[in-house]
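**Q** Per Swiss-Prot, the features are:
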COMPBIAS  10-21  compositional bias 'Basic residues'
COMPBIAS  55-68  compositional bias 'Low complexity'
COMPBIAS  317-332  compositional bias 'Acidic residues'
REGION    1-95  region 'Disordered'
REGION    299-332  region 'Disordered'
ZN_FING   162-190  zinc finger
ZN_FING   241-279  zinc finger
Amino acid sequence: MADTAPQVSFKKRSVKKTNFRKKPESPPPDADSDSSFTSSDDEEGHRIKRRRKNAAVSASSTSNTRRTTTSDEPATAGAAVPLTASNDATKHSNWYDDELNEKNLLGTTRARPAATGADAPDGTYKGAANYQSFIQKNPNAPAKTFGPIKAPTNVRTVTFMDYAPDVCKDYKLTGYCGFGDSCKFSHMREDYKQGWELDRDWEVSTKGKNLGGKVVSQRGGQAGEDEDDEEEQLENIPFACIICKKPYQNPIVTKCGHYFCESCALQRYRKNPSCAACGAGTGGVFNVAKKLNGLLEKKRERARQRREQAIANGEEVSSEEDEDEDEEQNSS
């Protein structure tokens, strides 16, 4: 009997039926009643009091206000700044304004009577303020302003005074520049004078003389008409070698028509076979410049004539030109 297990039975408890009160439906509140509470009676006589619910929903809570303020801040911070037209390019410089002069700001000390017409004098002296003008003025005449004239306010001028112009060193030493007309430096070999010195020299040179032409370019007489191709050729020939910056030693000429020293041209050809002046290929062809000495002699003669003419006119001659002439004569 010990092997038999005891039987266990579970009792299922039944759920007690409880009497739940059914809440009766409350009648709708009157629309005219102002009280926020409503009351109703149930079946057993108990009075139930309910709070009246507002039909309208108010959204004026603190959290909503904070959210609205926070959401509005980025919109205000990211708003585009309004652009204002400055018109700096066409801005006027009103240094003196007619509306802000002393007369309009301070006013006149004494108001003069309006000119109604000249009356016949009755012999009574009424003071200097009552003087009358019997001159009939033209009412249509424009008003005259006295004093300095007002300068335009919408015009800007930029003045650059170049007292020491940059001179091309290659052109000043040799008379040749590889850049040609595109060189940014001045191709000049003379000294510079102030404006009053130039005016003085012009007055001294033209005093008591009849000038040949009506314009400045024709006042040299027939000098401008005698220029020919030879003059242009002489101007294009450097008076010194552009490689060594010294007078020509055994000059040679290339196929492109440029002159160099023989030693300078051969030494350059070992490293660069192109022409030192124009960059064209020489091909190793260097001819003896037989006519160069004659051309340079003509160029020196014309420079000497111009120098003598300048001295005769009372003009100053650069000392560098004298040194160049001495060196050329010594080398020849």
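The backbone N, Cα and C atoms fix where each Cβ goes, and this holds for glycine too.
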**Q** Between 0 and 100, where does the mean pLDDT of the zinc finger (241-279) sit?
**A** 87
**Q** Write out how many residues of the zinc finger (162-190) are helix, how many strand and how many coil, based on DSSP.
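**A** With helix first, then strand, then coil, the zinc finger (162-190) has 9 helix, 2 strand, 18 coil.
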